[in-house]
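When I checked Swiss-Prot for this same protein, it listed these features:
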DOMAIN    152-477  domain 'Kinesin motor'
BINDING   G243, Q244, T245, G246, S247, G248, K249, T250  ATP binding site
COILED    619-656  coiled coil
Amino acid sequence: MNGGGRRRYSSEQLMFDVPANAGGGAGKWGQRGGVRRGDGEIFVSVEPTTPARLRGGEAAAAAAGESPGQRQQLSPGLLDLHAFDTELISDFQVPGIGMYDGAQKFGYGNGGFDDSDPTFAPNKQMSKSTVFAESNFLKAFPEKEKAAPVAKIKVVVRKRPLNKKEISKKEEDIIDIEQQSNSLTVHETKLKVDLTEYVEKHEFVFDAVLDEDVSNDEVYRETVEPVVPAIFNRTKATCFAYGQTGSGKTYTMRPLPLKASQDILRLMHHTYRNQGYQLFVSFFEIYGGKLFDLLNERSKLCMREDGKQKVCIVGLQEYRVSDVETIKELIEKGNATRSTGTTGANEESSRSHAILQLAIKKRVDGNDSKPPRLAGKLSFIDLAGSERGADTTDNDKQTRIEGAEINKSLLALKECIRALDNDQTHIPFRGSKLTEVLRDSFIGDSRTVMISCISPSSGSCEHTLNTLRYADRVKSLSKGSNTKKDLSLAAAPLRESSPSLLASAVPSFSSAEVMNDITERSNFGWTKQQYVKEHQAPTFVDRMQKVKEDTEFSLSNGGYFKEQRTKGSVPVGIAEVPDTVYQQGRQPTRKARDLTSDNNMRNSIAYPIIRRVVPDEDEHLNELLQEEEDLVSAHRKQVEETLDMIKEEMNLLVEADQPGNQLDDYITRLSGILSQKAAGIVDLQARLAQFQRRLNENNVLLYAQCP
């Protein structure tokens, strides 16, 4: 990126020059599309239905005063639907609302949509005729082309301020944020071979980056507000927060549902008045692989799939609401019931994944006797924080089991994202209850917003980098093209550890030239991470990359992989094998090795051991949870049988008090009842003893502490 107001983007994006003396929006670029006239004036379109982008001949036609809809002949390459900006905007025109004027009606600030997006300058206005002309221009394309798939996931990163605990430890803020370019830099302190410290920089670029001074209102306007109108058009929108424990996920997510419900009710009472829409609220959590209703005294729920492979929560109680105060009371009730605990990293850590759903349903033909039909849904998911065993050494065994279950579900979520990113035919959504709930967030007509919460302290540097890499993989998720298999045969690109601003300056190519390109671009326009496949490296590189990703959220307390090199450390044109080192516990200082010994060390990494340990721990955890459920079920059955036998004993006593009773019959029946009770107790004791032995074998038995 050069100075003087000149910015260069890929050929799918709008590229224009703004004079240095241009006031107001100098240097800004239109995300929805734009036309540059000969005199340098820029018209930016923010029409929410189809973000068209005019280039080449359209710009000349617009400068001449000719409407794009009047062009009868459309030459190839005029409109690249795969290069649309992927900001989460609804796919329909709201009746009575044009150019997002409705955002001013129910916004929380005095400004409109332009104020909430830093890429739109306040003085950049546009005429409605330009928008309507672009809409007519798109009508000339076939429906199949207009429905071309684009990325539907927006990734926002929020940085929290240093807390008192970090300040008392004199930890430093290692994250620098540039909101103008939506980028951030992590300054990681490392040690050289001679034990001298040096700082390594990791650069990331996302759809939006928010610093510690941003309020929750601004977070809402940046993330959830643009997708609220879409849920009235059979769209399922999801907003979830991800990050390490104590990074501010619950603080970020707590006010968002209330603000979204205010906007939904306002749209229902104004824009969609008398159309039969109703709003329903439900709130449940996933704790230890089980589902509990937070609005119904934590009653246990079951997750099922219907014939259309849609996830249904059996027994979930929904409340129909019509005002904001009722929603606020329900949210506070659910938050008070949610499972929380104290860990070494956070005093009030969320030990469960909480899911709040705002469902919009519509009456069928205006008939109240029939159940309403689902029109759209907005889900808010507050994920439990990812953590390592080293962070929870001062906690009991139950806390460690909770952490293992949390990490297992987050690992399953990462596997689903990786499968979608690699265009695999099978997506392992059934790996955990969390991924089953999130199935609708990644497939079908969906809109997803991911808020990655990061800690700025130097002590959380490793967690922060893992969170940012996780978010970067979600950001690169795009179903718009299947060119990965073809690109794998092309020349090897420069390996990078993270996306950078430098990568954004590399121009992309048209669909005819993509096959010859050595880099692959997502719909956001940033270079996606790829590793070198050359000579004998492919098998080793693929294997090591998979090991690193599989063990990033490992259930073990010790080993993990950590990248030793970052982008920019290799000259252009030189292939490099990913340099990963298996480590146990804390990271030791790495001594210098020559290339031969380094390769031998890599080949000797215990890859089968890692692949063998993690499934065993998963299997043991699943077996313990299943045995716990069996024990509780057996106990419940024993209590029910005991109640039935008590009723029978009471009837037997009544008969014994009657004159002329048969003593032999009384003795026989009483003996049978006592034998049945004794057999049930012995069976339950045997189950309990077996479960205690299993807990002792796995060193997870909890003993009550004496006062």
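Any Cβ shown, glycine's included, is placed from N, Cα and C.
Any idea what these are sitting next to in the structure?
The average pLDDT computed over the domain 'Kinesin motor' (152-477) stands at 85.
The Cβ of S247 (ATP binding site) has 27 neighbouring Cβ atoms from other residues within 10 Å, across all protein chains displayed.
Residues 288-289, 401, 404-405, 408, 555, 666, 669-670, 673, 676-677, 680-681, 683-684, 687-688, 690-691, 694-695, 698, 700 of the same chain lie 6+ residues outside the coiled coil (619-656) yet bring a C-beta within less than 8 angstroms of a C-beta in it.
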So if I draw a 10 Å sphere around the Cβ of G248 (ATP binding site), how many other Cβ atoms end up inside it?
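So the Cβ neighbour count for G248 (ATP binding site) comes to 21.
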Tell me, how many other CB atoms lie within 10 A of the CB of G243 (ATP binding site), whichever protein chain they belong to?
28
